[in-house]
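*Asks:* According to TrEMBL, the protein carries these features:
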- GLY619, PRO620, ASN621, MET622, ALA623, GLY624, LYS625, SER626: ATP binding site (BINDING)
- 693-709: domain 'DNA mismatch repair proteins mutS family' (DOMAIN)
Amino acid sequence: MAKTGKKLTPMMERYLEVKHQNPGTLLLFRMGDFYELFYEDAEIAARILGITLTSRDKNSSNPIPMAGFPHHSLDSYLYKLIHAGYRAAICDQVEDPKKAKGMVKREVTRVITPGTLTDDALLDPHENNFLASIYFGKSDIGLAWLELSTGRFLTSNTTAEHLVDELARIHPAECIFAEGNTALQNAIGHLETMLSERPSWTFAEEECEKLLLTHFGTKTLEGFNLEQGTPAITAAGALLEYVQETQRSAIPHINQIEPYERGDRLLIDEATRRSLELTRTIREGKREGSLISVLDETVTSMGARLLNDWIANPLTSLDEIQKRHDSVEEISQNPVLCNDVREQLSKTYDLQRLTARIATGRASARDLSFLAQTLALLPKLKAKLSGRKAELLQSLEAGIDLCAEVRNEIETMIVEDPPLTLNEGGVIRSGFSDELDELRSLSKGGKEWIASYRNEESERVGIPHLKVGYNKVFGYYLEVSAAHADKVPEHYIRKQTLKNQERYITPELKEYEEKVLKAEERAIELEQTMFDTLREKVAKEATRTQRTAEVLAQIDVLFGLAHLATHAGYTRPEMTTDPVLDIRESRHPVLDRLQPSGEFVPNDVLLGEPYGRVQIITGPNMAGKSTYIRQAALLTLMAQIGSFIPASEARIGIADRIFARVGASDELSKGQSTFMVEMTEAARILNSASDRSLVILDEIGRGTSTYDGISLAWSMTEFLHDQIKARTLFATHYHELTELTQTLKQASNWNVAVHEQDGEIVFLHKIVEGSANKSYGIHVARLAGIPDQVIQRANQILATLEKDHFDDSGQTTIPPRKQKKSMHQQLSLFGNAPHPVLDEIRDLNVDEMTPLAALEELYRIREQLN
Ligand SMILES: Nc1ncnc2c1ncn2[C@@H]1O[C@H](COP(=O)(O)OP(=O)(O)OP(=O)(O)O)[C@@H](O)[C@H]1O
C-alpha cells in the first residue's frame, strides 16, 4: 500500500494501523453514515461494486484513492465482495471506554469471509455454507467442517488419498490450513473454495484440544464420541479459533460436535461427482441441468440443504434405504396427505438459521415472531403424520417437539407483526405489562394534550392554522406563519425563523413534552429489557428447536421425493445386496425432464447375474452411449438416496462405490494433460473399486495414440472383469474391444441401434445386444459437412486399418490375455484346448474355502489327472 509522503490525518493513521493488523482483507471503514475504502481496497471495490472511485485530499499532490457507499447498503455490497472471493473487515465506531462518554474510536467488529457468513442476506438459503479446516497429523489428516449459520459442526480423520474427495463432498466455501503448505494448495486449488492460510500456532495440538474443552465446558470430548489426541480434534480446534477470531462475538449455538461416520455411506470421488453432474453441470457449472435440479421438490430451505447432504452421502445399508423407500411409497400413495404436509411446511420459516440467530443474540422481534408462527404449524403437521405405517415416518412424527411453552411465551409477549427495530416501540403486546401500559398511556395522554393545547392556543391568541411540530433539536414547538407573527404573545420563546414561518416553544409545551418523551423513552427501554429476557429464555431451548428443525428438513425431503415420484411417474426399486442391475424401461432423470414428454427412448440396463457384469457399448457418435451409462449410475445413486426412479421396474444391487469417468473436463486448469488426468483417475478406479462397485467408463484411452488407447482400454477391461469383478459399463468407439467378449465370460456386447435408410442414419437411441457392425464415424462426419474428397479418402484409410486389425476369418489379431501366472503355466501345459479339469478349477470359489478344503480339492483333482 502506497503511503503518501505528507503527514496523514489521525483518522487515516488509524485506517493504516487497522489495515496492517488485517492483511489480505478489505477494510470497510465506518465514516458517519458511510462505509469507505481506501488505496487498493478502494480500487477493488470500485471494480467489483461498480461504485465511483474518487480520492481523498483531491487537491494534494498525493491524493488517496477512495470509494464508499451508504451504511444501509452494507449487506448487498458485502454479498458482492464475498462472492467475488474477498474477505472483508468491518471497522465500526464503538464507544471508547478510556475517553469521555460519547467519544468513539474505530475497531474491527467483525471479519467476514466466505466460510463465516451468518446473515441471511449473504447466504444462499438452499445451500450449506461450510467452513472447513485441514490439519496434517503424523499419519492421518484431520478434517473439520462447520455451518456457522446453523451451528452444525462435524469432524473426521481421513487420509491423503481421500482428502480431495472428502472436500469435494463437503463443498466448503472456505478452507483453513497451516501457512506454507503449498502441496495442499496445489492439490485442492482447483476446488471452488477460498483457501485461507492460518498461522501455524493456531494448529497446535494441545491448544486446539483445550480450546474445544473450554468452549463446550467439558473435561473430555468423550461425550461427543470423539477420540482425543487425533488430527480431527486439532482441525476442529483450529476451526473454532478462526471462528472466534472472525466473529468477535459469542457463538453459543455451536453446542456440539459430531464425528462423521463414513462407513455406511456410498463413496463418490470428485471426478465421479463432476462426471455425473450431481449438483452442477460440467460445462456451465450451473445447478439447472444437474441431478439435484430434478430431485429438489423441497418447499423449505432446510429441506433443500438436507437434500444436498443426502446426494453427497447416499446410503449403503439395505435397511436404511428401505426405510426411506417405505416412507416415499406410503406418502406417494396418499396424494392428499402429501399436498397438505407440503403446504404446511411451505409456511414455515428457516428454523435452523432462526434458532442460530436467537442463540447468538442476533434475533430481532420479527425473528421471534417467525419462530412462534413456525411452531404454531407443528401441531397440525404432527397430527397429519400420526398413525403412519412407515417406521421412519413414525420416528419423525415422534421427533417433532411442539415447544408449546416457547411458542406461548412469544405469543403472549410479542405483537403479531412487530416493527423492524425495537427503537420504534410497539413490540410488546399491550396488556402484557402494567408498567409498560402506564408509560404508553402517559405518552399517549401527553400527545393528546399537546394536540388539544394547539387548538386552544390557536383560539386564545387568535392565530388560525397554528401548527405543532417536533424535531430533535428543540423538541415540540408551535409554528406560526410570518403573516401572524405580530399576534405572538410575549411568553412564547422564539427558537427558529424560516422563510415564511417562525417556530416557538412555550413553558407548558415543554412541561408536557418532558412527560411524553420521558414516558416514551422509558417505555422503549422497558420493551428492550423485556425482549432481551424473552430472547435469552428462548435461546435456552435452542437444542430443542434445532432438533425439530432437522426433523422438518427430513420430512420435507421425503415428501419432496414422494411428490416427484408421483408427478414424474417414478417407481420403487427393489433393493438387494446382490451385485446386480436389472432396470427395465429406464430413463435418464435429467434428459427425461428436459425433453418433451415421451421423446426420451427408455432402455433396459441388465448387469450382473445372469447377464454378465461387464458391458461393452458401441455405436456411432450422438447415439446415446454416454446417456445410457450415466443413466445406470444416476439411477443407482438415486435409489440409494431413498428416491424412486424413472423406470417401469428395477432390481438394484447396492453399490459400495460408484466410479464414473465420463468425458474430458477442465483438466488443463489443473496444469495436467487431459490424458494424464484420465489415467490418474483410471488408476484410482483400478486400485480402489471392489466387486460391489459400479464402474462406468466413457471412451477411456482416447487421449493418446489409437494403439496405446486400445491396448490400455483392453487390459483395463480384462482387469476389471477378472480381478476386481465390478459391474462395469464401458462405452467406446474402439470396435476392437467388442472382441473381448470372446475371452471374457462375464462380458457382453451392446450397441445403440441406428437405422440406415437411403444412406441416411436415424438415431433410435435403443440399446440392443450385440456389437455395432459399423462405426459410422465417417458417416457422421459427412453429415456434418466434411468435403466428399476427404470422406472418400477416410473410407480408403479405414479399410486398410481394419484389415490390419483382423485376420482373414474376421477374428482380432490381439493375443488372448494371460490370467494369473499359475494359470498361465497350466494353460501351456494343457495347450489352449478346453479341458474339464481346467473348467473345474475355474469354477472353484477359492476365496470362500478353508486351506484344508482347498488341499482336499487339490488332491481330488490330481486323482482325476492320474
Ligand atoms: N434414450 C434416448 N432418448 C432420446 N434421446 C437421447 C437418448 N439418448 C441420448 N439421446 C440424445 O442424444 C444426444 C447424444 O447422446 P450421447 O451424448 O449419450 O451420445 P454418445 O453416443 O455418447 O455420443 P458420443 O460418442 O459423440 O459421445 C443426447 O444429448 C440426447 O439429446
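From the backbone N, Cα and C atoms, a Cβ is placed for every residue, glycine too.
Are these features on the surface or tucked inside, and what touches them?
*Replies:* Neighbour list (GLY624 (ATP binding site), Cβ cut-off 8 Å, at least 6 residues apart, same chain): VAL601, VAL752, PHE763, HIS765, ILE767.
For the domain 'DNA mismatch repair proteins mutS family' (693-709), the list of distant contacts is 581, 625-626, 629-630, 632-633, 636, 655-664, 673-675, 678, 682, 685, 716, 720, 724, 726-734: same-chain residues at least six beyond its ends, Cβ to Cβ under 8 Å.
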*Asks:* Which binding-site residues of PRO620, MET622, ALA623, LYS625 contact ligand 1 in the sense of C-beta under 6 Å?
*Replies:* MET622, ALA623, LYS625
*Asks:* Taking the Cβ of ALA623 (ATP binding site) as the centre, count every other Cβ atom within 10 Å, in any protein chain shown.
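*Replies:* I get 25 for this one.
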*Asks:* Find, among the binding-site residues listed as ASN621, SER626, the one whose Cβ has the highest number of other Cβ atoms within 10 Å in the structure shown.
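*Replies:* When each Cβ's neighbours within 10 Å are tallied, SER626 leads.
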*Asks:* In which DSSP state, out of helix, strand and coil, do we find LYS625 (ATP binding site)?
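*Replies:* Assignment for LYS625 (ATP binding site) reads helix.
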*Asks:* Specify all same-chain residues, apart from the site residues GLY619, PRO620, ASN621, MET622, ALA623, GLY624, LYS625, SER626, whose Cβ lies within 8 angstroms of the center of the Cβ atoms of the ATP site, ordered by sequence.
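*Replies:* What remains near the Cβ centre is ALA731, VAL752, PHE763.
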*Asks:* Out of GLY619, PRO620, which of the binding-site residues is least crowded by other Cβ atoms within 10 Å?
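*Replies:* Least crowded of the binding-site residues GLY619, PRO620, by Cβ count within 10 Å, is PRO620.
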*Asks:* Mean pLDDT, the domain 'DNA mismatch repair proteins mutS family' (693-709)?
*Replies:* 82
*Asks:* Please identify which of MET622, LYS625 has the densest Cβ environment, defined as other Cβ atoms within 10 Å, among these binding-site residues.
*Replies:* LYS625
